[in-house]
Amino acid sequence: MPEATKIQKFGKIRSILWPIHNFELKKILPMNLLLFCILFVFTATRNLKDIFIQKYAIFGGTELISSLKTLFVLPITFVITMLLSAFINKSGMKRIFYVVCSFYGVFFLIFAFFIFPNVNSIQVSEDAVLKLFQSFPSQLRYIILCIINWPYTIFYIFAETWGSIALNYLFWSLANQITKKNEVTRFYALYLFFGNNGGLLAGACLYLMSNTSNRVVFDNNLKLLCIISSVFCFLIMGIYYYISKVVMKDEKLYDTSQIESKKEKLKIGFFEGIKILFTNPYVFLIFMLPVCCGIGINLYEGIFKAYLATTFDVIKMSKLQGMLLIFTTIFTVILNIAAVHILRKYSWKTNALIMPTILTITVTAFYLLIFYVKTSQSNISYILGLSIPILTVWVGIIVDIFSKGATYCLFDPTKSMVYIPLDKQIKEQSQAAVELIGGKGGKAGGGLITMLILAFSSGSTLLDHIPMFLVLFLMVMLAWIFSVIKLSKEYERKKTQ
């Protein structure tokens, strides 16, 4: 039955808010719950990793983050991509959920019960670190600190790669596999609408667990959050078991012709997947999306965090971060309501251009406001009734909330849609390379740019290089917009084949 006919059966309000047939509940509800659990772990561990690096690590701070992303997370991501490719070829996609989720779930338990409580006895003292600083060049300072703080470095790597593997790769691979072409515009936004409540629950847990002045209680609460994250990892395995045994056996919900014969299965290894990435123009354009998105947001976030650090003390900054998490989740839920309608009404190109276009305008305004605050000798100190420094903070907050919400509601669904016309084997391997290498490569690329700028201007801060960051950011946005326009033509052509 044509999609248009199905949609006409719904009332006007339901066609916008809940365009789902009753027989489809058996598929969409477990998929929503699956994404809910994945995003809970993603949000909880993402915040924990920053707390550990900034507040618990020896001589820790935000300066370590760029080194971690560039020198540790990116290489590990390449290794994981190789392992995933080998695992897909040997055992197929069905077992990947069990292996990945059990691996991460066990690690979070080990960290909570053994590593975190004994961290002071399993890593060197501050005095030993100071002696090491005297023995090595100052340029190696952050690399040394990442190695010295190995428990938190490992946790940071696990938290960073969870988002790429479980969210960007495993969930969306499964969604692409079981969501029919005529269901995409109805289902994808709803997946995110309900799934993002996992982030809201994680934010509420973080807020409640931080409501204490007792450091011992706070430490125990962090351990508890690690344990809860582990439980959710195992719950994900149970949900996937149901989907594979019930949903994927129902011909009304899943096209069984998509199940390939193992004898006919074409095995594509890691390096073949990389080759596809750079030799297939269509896949390369998909690859450019997370690369540009990652670099652009990373360039903005570094400046935003640096500006907050110079404007607020530690307590106020911590409260602001908590507010950001809550507001971001609320905005994401609201945006998802709109996205259900937007993704169905407008073309793929229009939907894919929304995020880079708005980011270009708002981030440019943010950079110019900071540049004005740092350099202007004008007597104008208020705009719209707000002091310019505070207005700058609010613009930064708006950009931060929008960038995160739009990533989940618009960027991820539109990026996932363009995989659907691909051959199943090429789809799996190229998606592994794009999501893991492209996603982490974008973030690491932004971190590398930041490291190089600071390395070649000793003694300066990020805020001293606003014009350079603005030019680089605009170049990245132009590359993103060009890739979307070019990819949209190929996507529409492939859909008609």
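Quick reminder: no glycine exception, Cβ is built from N, Cα and C everywhere.
Features reported for this protein in TrEMBL:
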- 28-48: transmembrane segment (TRANSMEM)
- 68-89: transmembrane segment (TRANSMEM)
- 96-116: transmembrane segment (TRANSMEM)
- 142-175: transmembrane segment (TRANSMEM)
- 187-210: transmembrane segment (TRANSMEM)
- 222-243: transmembrane segment (TRANSMEM)
- 282-300: transmembrane segment (TRANSMEM)
- 320-340: transmembrane segment (TRANSMEM)
- 352-373: transmembrane segment (TRANSMEM)
- 379-402: transmembrane segment (TRANSMEM)
- 469-487: transmembrane segment (TRANSMEM)
Verify whether three or more Cβ pairs under 8 angstroms connect the transmembrane segment (96-116) with the transmembrane segment (379-402), leaving out any pair fewer than 6 apart in sequence.
no
Stretch with greatest number of CB pairs under 8 Å, the transmembrane segment (68-89) reference, 28-48, 142-175, 222-243, 320-340, 469-487 candidates:
142-175
Six or more residues out from either end of the transmembrane segment (96-116), which same-chain residues have a Cβ under 8 Å from its Cβ atoms?
41, 45, 84, 87-88, 122, 151, 155, 158, 162, 165-166, 170, 174, 219, 222-224, 226-227, 229-231, 233-234, 236-237, 240
Find the member of 187-210, 352-373, 469-487 that has more C-beta pairs under 8 Å to the transmembrane segment (282-300) than any other listed stretch.
469-487
Most CB pairs under 8 Å with the transmembrane segment (352-373): which of 28-48, 187-210, 222-243, 320-340, 469-487?
469-487
Under an 8 Å Cβ to Cβ limit, what residues of the same chain, 6 or more beyond the ends of the transmembrane segment (469-487), are close to it?
282, 285-286, 288-289, 292-293, 295-296, 299-300, 303, 349, 352-353, 356-357, 359-360, 363-364, 367-368, 371, 418, 449, 453, 462
Among the recorded stretches 28-48, 142-175, 187-210, 222-243, which has the greatest number of Cβ pairs closer than 8 Å to the transmembrane segment (320-340)?
187-210
Most CB pairs under 8 Å with the transmembrane segment (187-210): which of 28-48, 142-175, 222-243?
28-48
At a C-beta cut-off of under 8 Å, are there same-chain residues at least 6 beyond the transmembrane segment (142-175) that contact it? List them, or none.
31, 34-35, 38-39, 41-42, 45-46, 48-49, 52-53, 56-60, 63-64, 66-69, 71-73, 76-77, 80, 84, 93, 96-97, 100-101, 104, 107-108, 111, 115-116, 119, 122-124, 129, 132-133, 136, 187-188, 191, 236, 240, 243, 290, 412, 416, 419, 428, 431-432, 435-436, 439-440
